[in-house]
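In what follows, a structure is listed as C-alpha cells, so that the remarks can point back to it.
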C-alpha cells in the first residue's frame, strides 16, 4: 500500500527543488514534507479499508439474511444492499462540514468507530428473538454512514497536495479504493472455509462463522486504523504551489505559513462536475448490476455459472482499473485532466454501443414457469438475489435461457459473448479514467479553500448514483430489453459529453482561473 505514494513523494513541489536547498526550506522543510506524505499514506489505507468494509460481505448477505430471519424476502434484500449507499449519502456532507472547521482526525476517528460498532452489530444480528432483518438493515446502514469519511479523505488529500501532485495522489486514492473492492470478496471466500456452523463463544454469545468472521476482521482493522490515525496523521495544508497555508485544522501555526488565497469558486464548474461524477458512477453501477441477468439470458448460464464467470470478469475489470489508475498519473501530465475525462466518456459510449444487439441470431428461450427463481422480477432485490442462491440446491434441471415472460426475448437478437467481453474491456478503461479525472478536476476547481462540504456533496452524488443506477437498469431491462436499455445509456453518455463540451473551458484550477499560475 505504501508504495502507491512513492512516485508522488519523489516529485518536487515546484520546479527542480531538492531537499536541503534554500528554496525548499522556505517553501517546505524536509521534516514537514515527510510528515505530510506519511499522513496521506494513512488515508490511502483508510480508503482501502472503507472499500473492503463494503465488499467483504456482499456475497454472503443473502444466505445470512435467510438464516437469521425467515421473513426476509428479495425485496428486503434490495433495501439491505441500498442502505450502505443511503448511509454514505447522508453522512458525507456532515463529515465534510465537520472537517472544514475542526481537525480532520475528529470526523475520521468518529466515522471509523461507527463502522467498527456497526460491524460488531452485524456479528450479533442473530441474537434477538425477532426482527433480525431490521438489525441487519441498521448495521449495513451504519457501515455506510461510517464510510462517509471518504469525503474527509478526499478533502484532506486535495488540501495537502500541490497542483503538481494532485492527479497522482487522487489516482493512488482511487487505486486503493478499487483494490479494496477487489480483495473484499477474496477475503470472504477464504472465510467460507470456516463453514456456516463455525465456533461459538457462549459467554458473550458470539458466533464466529463464514458470515461473521469477515465483519469481525473489519472491526479489528478499523481499530488498527484508528490507532494509526491517532499516532501518525498530522494536519497539513498547502496551496496550489505547495506553500503551507494557515487553517483552523492546523494544530500548530508557523510563521512560514501563508494565508489562503482569496477568490470566488466557479459554482457553475462545481455543479457541472457533480453532475458528471453522478453520471459516471450511475453508468458503472448499472453495468455491474446488469452483468449477471444479461449473461444468464443471453448465454443460458445457470446461476452457479453466472456467479463464477461474472465474478471472474468483474475481478478482471478491477485489476484493469488499478492498472489504468497507475497509468493515468503519467498520461495526465501530457494530455491534461479534461482531455482524459472526455476520452474516457467517449470510450464508455463506444463500450455501450458495442453492447447493442445486432444480427438475426436470437437467445435460447426459457419456456418454463420459474416463479421467483427467474431474473425478470419487479424489484432490485430479486435481481441481486441470484448471486446468493444456495449452492446446495439441485441445479441439474435448472431451466436456463431468456425467460418467455420477458416479451423482448422473442424478437431481440442476442448479444454475442465477444461483444460483451469487448464492451466490458472498454468500459473498464473508460470508467476509471473518468472517475479519477472528475474529482481531480473538482479538487482543483475548489482551490486551497476548505473542501470538506464540497467533497461531501460529491461523495453523496456518487452514493445516489449507486442507488438509482441499479433501479433504473433493472426496470428498463426487464420491461424493454437490452436494446432500449443500452440505447438510453448511450444517449445519456452523449448528453454528458455535450455538458462537458459546454463547460470545458471552465474546468480549470482555482489558481489558473485567478491568474496566479499558468496552466
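Backbone N, Cα and C define each Cβ position, glycine as well.
Range 340-359 is the one annotated as transmembrane segment, of 340-359, 360-379, 380-399 (source: TrEMBL). Cross-referencing 13-33, 76-96 with TrEMBL places the feature transmembrane segment at 76-96. The stretch that TrEMBL tags with transmembrane segment, taken from the ranges 236-258, 420-442, is 420-442. Looking just at the domain 'Major facilitator superfamily (MFS) profile' (39-508), the mean pLDDT is 82.
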